[in-house]
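A.B. asks: Got a structure here, written out as structure tokens. Questions coming.
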Amino acid sequence: MAEPSAAPATAHPPSTVRLPGIAAGTTLRFVLLLMTVLTAAVTMLGELAQFLPPQNHALACDLATGFDPASDELANLLRTGDPAAVERCVSSLPYAGRWRAPAGVLAVLAAAAVLYLWLPRWRNRGSRVVPLSRLDPDGAARAELTALAGQAGLAAPPGFVVDPAALARGAVTYGWFGRYTVRLHGGLLLSRMTDPETFRATVLHEYAHLRNRDVGISYAVVALFRAFAGLVCLPYLVLVGGSLLGAQFFGWFVGADEVLWPAARTPLIRQLVVASFLLVMVQLARVDILRHRELHADADAVAAGADVRVWATAAGGDPEPPRPHPVRARLRRLLRTHPSWPDRRRSLADPAPLYALSGVQFFLLGWAALFLVLQLESITSTGVACWVVGTPVAAVVTISVWRTVGYAVATGGAAPTGVAAGSWLGTGLVTGELTSGFTGGPQWFPPRPEVLLLLLLAAIVFVGWITQCARLRLASWRGGPLRASLGVALAAGVLVAVAGLDLWQRILRLRLLGDLAGAFGFGDTITRSFPGPWDAHQTELSLLTRTLLALAVAGADQIAIGAAVVLWLFPLVWWTWWAPRGGGLPGLPRLLLPGLAGGAVCLLGIVAVMAHQHSWQPPAGELRVGAFALLYAWWSGAAIWVGSAVTALAVAATARPYRLLRALLAAGLAQIVALVGLAVLASVDGCLGPLRTMGDSCHVLPAVAWPLLVILTGPALLAVFGAALVAGVGALLAAPLHRLAARRRPAPRSAAATRGRARWAVVAVICGGALLATGTASYGARTSSTSGLAAAVPAESTSTAGPKLRAMQLLMWWKLGGQAHVLELTSAYQGYNRFIQELAATRPGPDGTVPLDVATLRARCDALRLGATGAEGYLRVPDADLQGRWADGLATTRRAAEDCARVLDGPDESAPLEAALGGLVDAENQLLPTIEALNAAVSDALRYWPGLRRDGP
């Protein structure tokens, strides 16, 4: 820090605000940088690992299913057939390749640690610095430095050295593990007598770095970036860029490029573009930390007694251009590691930005979250990946929001709404999704990009929810510690963030690809599983096809169910606890009445559903299952979803303050009222006359309602997520109207006069109902299964691959397991034929019969059955004609082997042994020509790839 002479100040900064129990902004930014570097390193090292032998085993399994890089992701999914078979293929291959990227990340971190330890030694090299005592024989300078250390709040002063050759009036602090040294420039030491205010300000600024503990963070940032650039960026540019140039201009191929070329051209270009974007993201996170720590140190130095006129004079001596180009000026400000003097003066005049992450940081956070989840899914499950990523993301967002709200409360400023931060976070999430390459093939954008709006809106709602919860707590804050309250808020925020990421990754993200349910024939699966008059309910069938599987999967997700309840129950409990302590919060009745009204709306919808179902109720005595029962449950759930959304929209558009929290509370309460009402209606179903749906006689049967509640409670509780999105839209649209009317409205009545016992009794009843509903949904999640719903088999998708790629697809299918299954079936049939030949060669006994070795024949039949079953569980043949013949032959063999075993165990007189053995002969005659065709196709494919005669995949 270099300072000119002091001059009269033009503005006086406010004092810094200490928020006990809340991490500093520099720490949050370092966590963000670490996430950004990890995301970039895992991504780029994972792609680099594909250039090392053995190359990309996951790609080998994809090729074995018929993967075509020139097709979109949906077409490749359709060719896959059974995703579980693909997963079994990948898991059966050597596992070391998956851990190359994480191992590379550990190497980068180790190199960064070595650099972190070495950089201070380089700064302190003896040829450039001398001990302070050599230039301060009387100890006056050290005495003043020690006094300033006590003034800055340091327990003990650091070590001091002097760089006599540096004439600027500045200083640098470096070191690690508490062993810090301040290197004073020679010009600064001279200014102690000529310009004491600059000397004091500079030293207090360096002491502020020590007090904020950001010196180690600064060197960690530098070391991490250099290790990332040297060990990741440079090799990536050489290998990936060289692969693209070599393939395009010289016909040189690295790894699997030759297999996929020229279709691989677009993915390689995308990889280089994404890598450049990753590097920019890392650079933005790096310079922001270094810039932000300087602004924090300035504020703390002034708070410790430094003269603000030093900064005012420096800003006057280093003016910015009077009217710089706005884009250029913005870019220059973003890329500077040190803020300009005018920026530093503005920060001292208004330190509010120091207590919040900027929009760029929220963007980086969102981008890193989506990108890192995708990378972690390649080595672990989606659930684990969401917890690993969602926890730090939610922690950074929550702590940042609490810092911003806490500063606003402490200084009496306007509290943030979270809309701007949420918009930046959502934009980062959308960008992370677009740059992840999920769509595959030549496409740069997904077929249905409008689905990405859900990410943007969800991020706005999430940050808004955290912001309003923080405002709810801090409205009654009087300066005490906040660690306990922040811990509770962190737990709630982490749960909601993890659930949101999980729902996006497992359900909503697939919507980007198009109509998967229709492509996989899920409508036919519904009509087979739930028979009924579907011709008269085509509209409902279309809606069910698009929603049923997603609701079934989400309704079985206990994390999502818990997060849905936390979204509205957590604010209710805090409202009840903190409302009587100040803040002018509305009373409990004003919160609960909209929810009760919304529950009545949901029940009216359920009554309408029952009346409609009664109009086509099957006659008495017939089982009311199949299509009738499914439509009854689905429409009842739809009534709860629509009623909750309407309730949330109405409350968000009319209530104030805390519109989002009140809308969520009303929607959650409406769900509980609707589920209780549904249980009552289902228990007395037979007594309802024109509303009778499942019953005929009038009896009170609570047990009858239980199966319906088990099915509906999980999906119904998730309606809070939909209500949150609708409430977010309503709150955004209604905000301008509320601002116009705010001046004429009286302030909301405080809840301080509400009786405590009555208030907590009501809340206890609501919490009990919510916990009971959560338990019911969890029971349903443990006992239900979506395997039957997900059994749809996609139709074969036409491939446009060229002959070389088709040959590689077949060879991968053959080498990864197809050949083994062919050999197993061939050996089983050979064993069976030998048994039949030996049986035919056996001489008949005196009674004219031949003794039959039942145990041996049973073993031969079992071998054929197991061989056919194992082959059916393997990947499809990536050739439509061969796949059809192969599947038919396997099915015939399996059925004939099962008939053989059944006759031997029976014996089954309706299926004599001769018929069963004849069935095996027919199955062999059907399957063996297919095996011969497979062998011929493989031999022909080897013409294109003769190296695969010896080498493995």
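Backbone N, Cα and C atoms are what each Cβ position is placed from, and that goes for glycine too.
A TrEMBL annotation is a machine prediction, not a hand-curated record.
So TrEMBL lists these for the protein:
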- 144-349: domain 'Peptidase M48' (DOMAIN)
- 28-46: transmembrane segment (TRANSMEM)
- 101-119: transmembrane segment (TRANSMEM)
- 219-248: transmembrane segment (TRANSMEM)
- 268-285: transmembrane segment (TRANSMEM)
- 382-402: transmembrane segment (TRANSMEM)
- 484-504: transmembrane segment (TRANSMEM)
- 559-579: transmembrane segment (TRANSMEM)
- 591-612: transmembrane segment (TRANSMEM)
- 632-652: transmembrane segment (TRANSMEM)
- 664-684: transmembrane segment (TRANSMEM)
- 704-737: transmembrane segment (TRANSMEM)
- 758-779: transmembrane segment (TRANSMEM)
A.B. asks: Restricting to the domain 'Peptidase M48' (144-349), what is the model's mean pLDDT?
C.D. replies: 78
A.B. asks: For the transmembrane segment (632-652), what are the same-chain contacts with Cβ under 8 Å, counting residues 6+ beyond its ends?
C.D. replies: 540, 543-544, 548, 551, 594-595, 597-599, 601-602, 604-606, 608-610, 612-613, 659-660, 662-664, 666-668, 670-671, 674-675, 678, 693-694, 708, 711-712, 715-716, 719-720, 722-724, 726-731, 734
A.B. asks: List, by number or range, the same-chain residues at least 6 past the transmembrane segment (219-248) whose CB is under 8 A from its CB atoms?
C.D. replies: 30, 33-34, 37, 40-41, 44-45, 47-48, 51, 104, 107-109, 111-116, 119-120, 174, 176, 254-255, 257-258, 261, 264-265, 268-269, 271-272, 275, 279, 282-283, 286, 289-290
A.B. asks: With Cβ distances under 8 Å as the criterion, find the stretch in 28-46, 101-119, 559-579, 664-684, 704-737 that has the most pairs with the transmembrane segment (591-612).
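C.D. replies: The stretch with the most contacts is 664-684.
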A.B. asks: Within the same chain, where does the transmembrane segment (101-119) have neighbours whose Cβ lies under 8 angstroms from its own Cβ atoms, ignoring anything closer than 6 residues to its ends? I mean 6 or more beyond.
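C.D. replies: That would be 37-38, 41-42, 45-46, 48-49, 174, 176, 216, 219-220, 222-224, 226-228, 230-232, 375, 379.
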